[in-house]
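Chemist: Sharing a structure here in structure tokens format.
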Amino acid sequence: MVVDPASLALLAAAGGALLGRSRAKKKAKAAAAASQWQYDRARSASRRRQAQAAYARARSESRRKREHTAYINARARSRSASRRRRERDAYKLARARSASRHKREQAEYERQKRWEEEDRERERRWAEEDRQRQREREEHEREMERIERAMAVGKKKAGKSPKEKKAAGPPTEKPKPRRDPEGREVPAKPRKKPAGAKAPGMGGRKKQRRAAP
């Protein structure tokens, strides 16, 4: 078979063109694939960055909420503790005031009771002193009556004193002696001892004992 060099050159040129076109397509395809990969990679990186940013925002928001919730709870606990402290202080103050008031009332009651006891004791002592004075007064009055009776009896027995006789003036007529119904004179009764005289053994002069022979 005889091959024409021109045809061969044409075939070679056509084959080269086809080969070059195929290589160009491959290169274009490879370039497109590379561009798609870069695009996908870029999109993936962007999505990843977006996801990371969203995750960071979510974490930040969650942390902020937790911190805010913790702050609210801490403030509530602080207010509750402060309220409990105020209530406890008020309760202690009320108890102290109640105890102080109770002590004052107890002291006042004890003072009133002591005063009443002192008043009763003073009244009892005064009543006893009044009774004692009354007894002494009655005893003094009885003693004075007894002395007056004794003095009256002694005065009657002794007669008038010189001053009384002088003041009375001249002596009166001597009384007549007593006589019985028959006209006979009745002798005067013997004189009795005065009421103030002491009984034997109650004083006076003691008898002298004689010495034994």
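From the backbone N, Cα and C atoms, a Cβ is placed for every residue, glycine too.
What TrEMBL records for 33-213 is region 'Disordered'. Marked as compositional bias 'Basic residues' by TrEMBL: 76-86, 94-104, 204-213. Positions annotated as compositional bias 'Basic and acidic residues' by TrEMBL: 105-149, 161-188.
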Chemist: Counting each residue once, how many in the compositional bias 'Basic and acidic residues' (105-149) are helix, strand and coil under DSSP?
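Modeler: Helix, strand and coil residues of the compositional bias 'Basic and acidic residues' (105-149) number 45 helix, 0 strand, 0 coil.
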Chemist: Six or more residues out from either end of the compositional bias 'Basic residues' (76-86), which same-chain residues have a Cβ under 8 Å from its Cβ atoms?
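Modeler: Distant contacts of the compositional bias 'Basic residues' (76-86): none.
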